[in-house]
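According to TrEMBL, the features are:
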type	residues	note
REGION	28-51	region 'Disordered'
TRANSMEM	118-141	transmembrane segment
DOMAIN	123-299	domain 'Amino acid permease/ SLC12A'
TRANSMEM	153-180	transmembrane segment
TRANSMEM	200-228	transmembrane segment
TRANSMEM	249-268	transmembrane segment
TRANSMEM	274-294	transmembrane segment
DOMAIN	408-691	domain 'Amino acid permease/ SLC12A'
TRANSMEM	412-432	transmembrane segment
TRANSMEM	452-473	transmembrane segment
TRANSMEM	552-570	transmembrane segment
TRANSMEM	576-597	transmembrane segment
DOMAIN	815-1037	domain 'SLC12A transporter C-terminal'
């Protein structure tokens, strides 16, 4: 009968001294270094480190209470140490390259700047409002309503606003799926779809923002030269001839661009200081419009328009809408008469149309209650150089040279699709909130709320303005683009109250502010692309001044912006930037759709109101609007994007950002397998790719079918599964395993190896299973039940060797204990919890597994609880706050609890060895801190007796032996942890525990099994988890 030694602490110990623990640690320091720190080769995956983790540690943290985990403190830090690093984390805006460098061996990269302070209203809502409302609202919306009619104008507004709303939903999902540093849409798309798509769309976003600067500068100059100081024009435009006006726009636009570039170069802080002033101008102008609408219902403004027949005249060229007038009883011709006639009044030669038609005066703004809305419901498209005429008013036809007469002409041929391209820039600017995510107090809440509310508000403003303009202003005046019929005034200004100058001055400063914002934002997008190094020829533009201002990028932006200004026409520039922004929005929607359909484990947006169908609708709408606006511009932009994509693919720097395209390649065929071998998957694409080690019974049936059930429940991550077994001498069991997999609905591959023994067979499978990039990264196996009662020690020895081999191969290990009590796929667990005991951090697999399990219907109703252990030296209250913040950034919903473990000092005790019977060992009483069981098997006892007999030792000497103090401390850890875990989680549906590392020498294998047995005693379902050392979960997008 084997003898069982029970170690009992006693007060007076002769070996107690203050340096005892230090000596033990010194002896352990002499052991061979951990293999994880060495080199790797072949198919092994190097260990990754988390940007929030530092391997620096204090030995006091790894005291007696955590002795089970002390062998691997360099690679698996205690959770208390990790949370201490989390306390120093901040999501302040960083450059993209700084963010990538933050994921380094040195841990957290502290940024010495003030923390984010802005909330939703100031940080997101107002910037989006300022960027969305602007030049098109004041300069072109009245003309669009008059030309397209209210119905077509509403269709244009609805399509464009729907596109931006759907894009904002997709962008909100991406922006709340982790921390988004500087870079805006470029960062989100490049990290979601890869560097090729990111670089192509990033440049599209950059070019769109740059041409937007051109458009705003042209709008500023149009307001200045047409409505504020028309006498400042250098070139005088001929009647109906736009070239003179375009030349003026080019000259003054270039000067304005130089001034704005100088302001931005001096310092962006001045632009930020003026932002509130510019926004105030926009809001005052909009309020003046609504006030004017109300005033028109009470008392319409006195603004008259002169018509000759049904043709509208430029009343800036005459003072009275009369052919003749009586002065001192003498009939004299008016200035208008001289424009159509030559010679004296008696024998003048007049224009035939002027002679046959009468002059009439109409109100430019009949008012809200005038009923003019019915005349403005439908479209009035016209060709280039045609006269703007009032529908429904009769006139006598006549032949005349209209181009020389003072009529109001259409300066371009108008049609529906052209108006779509001109109007779309008015709804851009929705990225303003996401671009400044680092300055927000809570970006994951502020970006969706602020952006969507801004789009909803501006959409209401645009739709209401379309209806109100059509209801208040006469249609013929609406079609007058430059206000030539109302004394050269801005058409929307005729409706404003109290003065038209509120709109003119407000729109002028609004366009100035928007231009400055574009010249500020575009160089930073280019700088972010350049610093990423994905396009070598752009490297020079990544340099900046000492204060971080992108000088070279600003100069290139100014050069491209000058190209837009030289076009000289706002209507011609607007469709160009529409193409670039629509391409950008298309890929934002594509990124969200791909991530949603892939269901990657890292895709956990806090914004829940998204769906892949909405993203596809937004993508389809963006593509449609591109071709509707201008099919040739659309083809050019797609060609440019394709060329950039191919350039980055062949010449750009290789990047692995865990993007969705790489996630798609995990499910592809040979091409994807070849691509996957180029680099290991990123943390965000990590998923359990399981090698399931099955044991068969004597009839070649599956011994633990519940292991297959648990495998299918874990496969919410859609990773690879290889179910394998080792046989001695036959190959016929493969069909039995496949049948069991089909019964348990486990999707994967079946692999059977014939080997001389199971140990070698499992070793070969761990090393060689898989193909190319489709290799397993985790091993799932069952706990060797009844290992203590087994006559052979092969079962637990094979188990420990498997643990060692997975550790050496840098693969995760999942050990399911009491696997036969795990639920089948047909069961539905009721209300319960999945308890995670996070003791050491070895990659975050413990946090990811409950999330994956809860995606399956078996575990869906279970709540997640996370327990971590605090030592005496730790601040448990602060640990809990830091852990809650960490889970918030991980987008995981879990209840957090910090368990304090009292430090137990063995130096104050004496050890006494008692001899107990075999029945004592098998006593089911829960072990306590004062009673530690260490099992000696029969073979071990006999060999020890023989050794002692040869040394002529007596029985008294045997009982005087002192056990290995390291084993005592580890058993003490197992007992203390088991007591705490059983107390908190005995009723949990599943308990996940960090699995301690195996002993470095085979001499302690049996004690290691006993440690694990004691650690999990009294728990129903247990999953021991040993991470691979690389990060499998991240807070970043």
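Cβ atoms are placed via backbone N, Cα and C, with glycine included.
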Interface check, the transmembrane segment (412-432) with the transmembrane segment (452-473), three or more C-beta pairs under 8 A: yes
For the transmembrane segment (274-294): best-contacting stretch of 118-141, 153-180, 249-268, 452-473, 576-597, by Cβ pairs under 8 Å: 118-141
For the transmembrane segment (552-570): best-contacting stretch of 153-180, 200-228, 249-268, 452-473, 576-597, by Cβ pairs under 8 Å: 200-228
Contact between the transmembrane segment (153-180) and the transmembrane segment (249-268) (at least 3 Cβ pairs under 8 Å, separation 6+): no
Positions whose Cβ lies under 8 angstroms from the transmembrane segment (249-268), at least six residues beyond its ends: 213-214, 217-218, 220-222, 224-225, 232, 234, 512, 515-516, 519-520, 523, 547, 549, 551, 554, 558, 561-562, 565-566, 568-569
Tertiary contacts of the transmembrane segment (200-228), as residues 6+ beyond its ends and Cβ separation under 8 Å: 134-135, 138-139, 183-186, 189-190, 193, 245, 248-249, 252-253, 256-257, 260, 425, 428, 431, 482-483, 488-490, 493, 504, 507-508, 511-512, 514-515, 518-519, 521-522, 525-526, 528-529, 557, 560-565, 567-570, 573-574, 576-577, 579-581, 583-584, 587, 637, 640-642, 644-645, 648
PLDDT averaged over every residue in the domain 'SLC12A transporter C-terminal' (815-1037): 77
